[in-house]
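**Q** Reproduced below are the annotations present in TrEMBL:
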DOMAIN    B:4-194  domain 'Glutamine amidotransferase'
ACT_SITE  B:Cys79  active site, nucleophile
ACT_SITE  B:His180  active site
ACT_SITE  B:Glu182  active site
Amino acid sequence: MLATRIIPCLDIADARVVKGVRFQMLQSLGDPIERAQFYEEQGADEIMLLDVNASYKNRDLMFELISRVAKRIFIPLCVGGGIRDIEDMRMALMSGADKVAICTGAIMNPGLITEGAKRFGSQCIVLSIDAKRYKDTWHCYTYGGRRDTGLDVLEWARLSEELGAGEILLNSIDRDGTGEGYDLELTKMVSEEVSIPIIASGGAGNLEHLYDAIIRGRADAVLLASLVHYDEYQIGEIKDYLRTRGIRVR
Amino acid sequence: MIGIVDYGAGNLYSIVKAFDHLGFSTRVIKSVDDVLEIERVVMPGVGAFSSAIDGLKSKGLFSWLRNWIETGKPFLGICLGMQVLFETSDEAKNIKGLGIFPGRVRRLNAKKVPHIGWNQVLLNSACGLFKGIPSRPYFYFLHSYYVPYQESDYVQARTVYEVPFVSVLARGNLYAVQFHPEKSGGLGLRMLDNWVRLC
């Protein structure tokens, strides 16, 4: 049986690992290469690198970092942040990424999903949705959570699947870095609507939250940052906990 | 020297890097001019069935590769590199594969497709590729098409994702796996090392 994936996410700014709360207040947490290797040794199922600044800064530094991280790990590597066109995708993949996560770039040009899927395969294309609650629904945000597009999350998720996305990374802006738990309602809604895997992101504060995201939110994978970055939990402990709760993990 | 077949569909970085790490030298095969001194061949798994077959043909590698396999030389197919060994695929109805094994590659009809993530490889009996690897190991899978499981002398293992499918094939010096050993951490590296030492 397929194991639920536990994916640590390294938010990157100026080639360092950082972490913020509700997409703000960035704090440096050290060398991404060491972190990535450390997580692989602990049993991470995949590594995500998100360039939190790249939406508006020079990206060469990021491509160089991707290649340095990719050289040292032997599990899948997904990268995102500032991927705007096919050339950015190609650069990221050629630097050693296995998948690219696109958010703002896909909303500005939905054809990028289709073109990317055609050129590199759907399995490479992770649609990243930055979702924020708006009345009874959720809106998609762009530019690292700074701009409300007014686009409905569910509608965008459905469309992106048709366009050729291979996975959806679903980030809750409301929960990001708060430790209050994943937005289960949002996660379940999107996961049940599409037939591609959903990675839940934003809000994990304890192990129960992960269980909830998988069982109640129907997430196919969970993204973690704060929970592991401050060495509060080791990935092995997280997996032991989920295993005792009856969830299949590697 | 290990030759990595480049059929133009994508990124060979991961597989090259894995052999590098293990201390084996590789060369990317872009045309038949590159095949001198090659002792082992890896057909990696990126892209689609049709682009792989078209790519092999346009680079003049299709017949060379089929001949390499048929004459029993060391070969490892990974993911799509396993699927192209069959006759046809739902992914490209009018395109013929290498036809080393009979049958058709099917589209997964699961609740969530692609099958992405770590799943268990269930061996039928001892297989050299898995020497030193614990039983029922997890490997990393990423695919939307599969070879239906059936018992036969060359089917070595199955994996279950709603339906059982073939995850390891072996016949003589030919080995093929549906998962990505180059993305499966330490166990994957061990499997690649075993393959080089086996044939």
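Glycine residues also receive a Cβ, built from the backbone N, Cα and C atoms like all the rest.
A TrEMBL annotation is a machine prediction, not a hand-curated record.
Have a look at these and tell me how they're positioned relative to everything else.
**A** Here the Cβ of B:Cys79 (active site, nucleophile) has 26 other Cβ atoms within 10 Å, regardless of which shown protein chain they belong to. In the three-state DSSP scheme, B:Cys79 (active site, nucleophile) falls into the coil class.
Classification of B:His180 (active site) by DSSP places it in coil, neither helical nor stranded. Taking Cβ-Cβ distances under 8 Å and a sequence gap of 6 or more within the same chain, the neighbours of B:His180 (active site) are B:Ser14, B:Gly45, B:Ile78, B:Cys79, B:Phe139, B:Tyr140, B:Phe141, B:Leu142, B:Gly188.
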**Q** Would you mind listing, in sequence order, the residues at least six apart from B:Glu182 (active site) in the same chain with a Cβ closer than 8 Å to its Cβ?
**A** B:Ser14, B:Ile15, B:Lys17, B:Ala18, B:Ile78, B:Gly188, B:Leu192
